[in-house]
Structures are given as structure tokens and as C-alpha cells.
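Single-structure report; data block below.
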Amino acid sequence: MVKIAVLVSGGGTNLQALIDAERRGEIRGGELALVVSSSAGAYALERAAQAGIEAVTLPRREYAARGDYDRALIALLQSRGIGLVVLAGFLCVLGPEMVAAYRNRILNIHPSLIPAFCGDGFYGLRVHERALAAGVKVTGATVHFVSEITDGGPIVLQQAVAVREDDTAESLQQRVMREAEWKLLPRAVSLFCEGRIAVDGNRTTILQGGNEP
Ligand code: GRF
């Protein structure tokens with residue numbers, strides 16, 4: 001069983017999608033073992049408590065340098081035997097030490113079709129505001145491995161979502177979460193835990209499962 005840590009900063013709806021998927025038996029080969037929050041007030045902590053998952057708050061501002069934060073995070077993850085780290089609305093950028101310690105074992109969900117509307121400064125509602133400003137007809141979500149380049153690591157899964165003419169950034173954000181993020185993230189986590197994601201440079205291949213056609 002791969003032990004999974006989910007890193008959060010806010011509401012935690014993606015964490016909830018993982019909890020619900022695990023309950024339905026859809027996270028094959030993995031178990032949610034730890035939730036780490038960068039903020040003591042994150043509602044995601046409540047979700048973890050309700051699901052009986054150990055939760056630890058690690059506030060970024062209490063560490064002078066990013067390297068110190070990374071070291072504390074790595075020590076925590078290693079002490080719990082974590083094999084997969086999932087960033088689910090985690091608002092801190094991980095440093096090179098953390099990325100190297102968990103190379104191709106950190107998954108992030110981003111609310112656009114990478115390489116559109118991603119990189120430094122593209123988070124939360126801003127991503128959807130920029131998509132609307134650009135006039136795209138299709139957006140979506142991407143699950144990718146985390147590398148040293150913001151939103152630049154190997155792409156694992158993508159799901160397109162149609163933009164409506166009357167969409168606001170808020171309505172688009174909600175639909176991207178409902179139609180794409182909450183489905184893609186549990187699926188990618190399960191694929192990882194089943195050992196079905198092969199990585200070659202910046203490209204991934206999804207390996208066929210035993211009971212699939
Ligand atoms: C999601 O839109 C996710 O794509 C982004 O941050 C948001 C987190 O929402 N990285 P939640 O905390 O999972 O509800």
C-alpha cells in the first residue's frame with residue numbers, strides 16, 4: 001500500500017474528492033495517511049478530522065527560509081513513510097530539496113489545460129479570469145508531476161471543460177472543479193498507487209491495468 005499525504009491550504013474540496021473515492025474503493029493500492037495544511041484555519045483540516053485522517057499544520061511563515069520549510073516537510077513525510085504527495089490547493093511553492101526528495105512522486109492539480117494559463121501567479125480565480133479574458137472556448141484541468149518549474153512537470157491526465165458565454169470566473173471555477181478536478185485527481189492518484197504511470201523525461205505513459213480491455 002502506498003501511503004498518501006495530501007497537502008492543502010484552504011477549503012479542501014479536492015481532498016474531499018479523494019476521501020470519497022477511497023471510501024468507494026477507487027484508490028487502488030493506496031491509502032490516505034496524512035493531511036498537511038499550510039494554514040491552521042483551513043477547512044480541509046475539518047474534512048481530515050471527519051475522515052479520521054491524521055492532520056498536521058505546518059505554517060510557512062514560521063520558517064525563515066524555504067529550505068527550512070522543505071526540510072521540516074520532508075522529515076514529517078518520511079517519518080510517516082509517505083510514498084506519494086498530492087498537492088490539492090496547497091498555496092506554498094515547494095523548493096528544490098522537496099522536489100528532489102520526492103521526484104515524480106508529487107502530483108499537483110491545476111485548473112487549466114497546461115501549458116495554457118499556468119506558471120507563477122496563476123492560482124485560484126486568476127486562472128479562470130485569464131481564460132475568460134483570452135476568450136478561449138475550452139479550458140479544463142491538469143494533473144501533473146511537480147518539477148522545479150512551476151506547473152512544468154510531466155503531465156499525467158487532462159480533462160477539457162467547455163466555456164459558456166455567460167460564464168464568470170466563479171462559475172467557470174465551479175464547473176472545472178465539478179466536471180474535471182474532482183474526477184481527475186482521484187483517478188491519477190489511483191494510477192500512481194497501482195504503479196501504472198511510466199515517466200520518461202517530460203512525458204508519461206499510462207500502463208494498461210489487469211482488468212481493462
Ligand atoms: C483548485 O482549483 C485546485 O485546482 C487549485 O486550488 C483549488 C483548490 O481547491 N490548485 P480546494 O481547496 O481543493 O477546494
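The backbone N, Cα and C atoms fix where each Cβ goes, and this holds for glycine too.
The annotation domain 'Formyl transferase N-terminal' is assigned in TrEMBL to 3-189. The feature N(1)-(5-phospho-beta-D-ribosyl)glycinamide binding site is assigned by TrEMBL to GLY12, THR13, ASN14. The annotation (6R)-10-formyltetrahydrofolate binding site is assigned in TrEMBL to ARG66, ASN108. Sequence annotations record features per position, and here TrEMBL assigns active site, proton donor to HIS110. Sequence annotations record features per position, and here TrEMBL assigns site 'Raises pKa of active site His' to ASP151.
A helical conformation is recorded for THR13 (N(1)-(5-phospho-beta-D-ribosyl)glycinamide binding site) in the three-state DSSP classification. Non-local neighbourhood of ASN108 ((6R)-10-formyltetrahydrofolate binding site): VAL86, LEU87, PHE90, VAL143, HIS144, PHE145, VAL146, ASP151, GLY153, each in the same chain, at least six residues away, with C-beta under 8 Å from its C-beta. When the neighbouring Cβ atoms lying within 10 Å are counted for each of the binding-site residues (THR13, ASN14), the highest count belongs to ASN14.
THR13 (N(1)-(5-phospho-beta-D-ribosyl)glycinamide binding site) sits 13 Å from the residue listed as 'active site, proton donor', taking the CA atoms of both as reference points. Within the same chain, the residues at least 6 positions away from HIS110 (active site, proton donor) whose Cβ sits under 8 Å from its Cβ are CYS118, PHE122, VAL127, ALA141, THR142, VAL143, HIS144, ASP151, listed in sequence order. Counting in whole angstrom, ASN14 (N(1)-(5-phospho-beta-D-ribosyl)glycinamide binding site) lies 25 from ARG66 ((6R)-10-formyltetrahydrofolate binding site) by their C-alpha atoms. DSSP assigns ASP151 (site 'Raises pKa of active site His') to coil in the three-state reduction, outside any helix or strand.
For the recorded N(1)-(5-phospho-beta-D-ribosyl)glycinamide site, residues GLY12, THR13, ASN14 set the reference point as the centre of their Cβ atoms, and the other residues of that chain within 8 Å of it by Cβ are VAL8, GLY10, GLY11, LEU15, GLN16, ALA17, ALA44, ARG47, ALA88, GLY89, TRP182. Among the recorded positions listed (GLY12, THR13, ASN14, ASP151), GLY12, THR13, ASN14 have a CB atom closer than 6 Å to some atom of ligand 1, in sequence order.
Averaged across the domain 'Formyl transferase N-terminal' (3-189), pLDDT in this predicted model comes to 97. Taking CA atoms as the reference points, GLY12 (N(1)-(5-phospho-beta-D-ribosyl)glycinamide binding site) and ARG66 ((6R)-10-formyltetrahydrofolate binding site) are 23 Å apart. Counting every protein chain shown, 21 other Cβ atoms lie within 10 Å of the Cβ of ASP151 (site 'Raises pKa of active site His').
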